[in-house]
Amino acid sequence: MQLTTLLTGLISVLSVTTAIPMGSESPTPTSSVSKSLIAHSSSASVSASPTPSPNPYEAYTCPKDKFKACCMSVQQTGKDIVKQLGDLVPVLSGLQVSSAISFQCKNMTEREAPDSCNGQGYTPMCCNTKVEDTGFNTCKPFEDVKKAYYMNNMKDIPESQADMIMDILT
């Protein structure tokens, strides 16, 4: 007797909380108030998000006046050397090398994904000049430049609901 009462109570609570109609087989019409609330909230979320860029490959590009290249960097070369030295001398294993100098750059197009720069010792960079040779160039790692760009340029734009959800999930 108590089991049937418990099951009936659970089913009624579930039907109320999930808003699944139990008795009616035909859908009920939506009220105009809820339609106006939905329309108002969707227009607010659209206006709050930044306008889409005309360039669909914006995530792959460097900021204005910078050029994307796949370069061997002093920083990457230094990391490789320090890693090998760190295996021999453990004190050196935590040492970090930081440098904006890069060499052996190969220019990349806007549409090329940064991940396509995957040769050993090569990393995607945003460089000051568009020089493709074995000479030296002043470059910064692509990820660092993009992160700094978005932190500086997107700080005043409110985050969209989709961005908030992605931040929570990741």
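Positions of Cβ are set from backbone N, Cα and C atoms, glycine also.
The disulfide bond annotation in Swiss-Prot covers Cys62-Cys126, Cys70-Cys117, Cys71-Cys105, Cys127-Cys139. The signal peptide annotation in Swiss-Prot covers 1-19, and the record cites sequence analysis as its basis.
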Distance, Cys62 (disulfide bond) to Cys127 (disulfide bond) (CA atoms, angstrom): 9
Shortest C-alpha distance to Cys70 (disulfide bond) - which of the disulfide-bonded residues Cys62, Cys105, Cys139: Cys105
Residue pair Cys126 (disulfide bond), Cys105 (disulfide bond) - Cα distance, angstrom, rounded: 11
DSSP-derived structure type at Cys105 (disulfide bond), helix or strand or else coil: strand
Euclidean distance between Cα atoms of Cys71 (disulfide bond) and Cys62 (disulfide bond), Å: 14
Distance, Cys117 (disulfide bond) to Cys105 (disulfide bond) (CA atoms, angstrom): 11
Surrounding CB atoms that lie within 10 Å of the CB of Cys117 (disulfide bond), all protein chains: 18
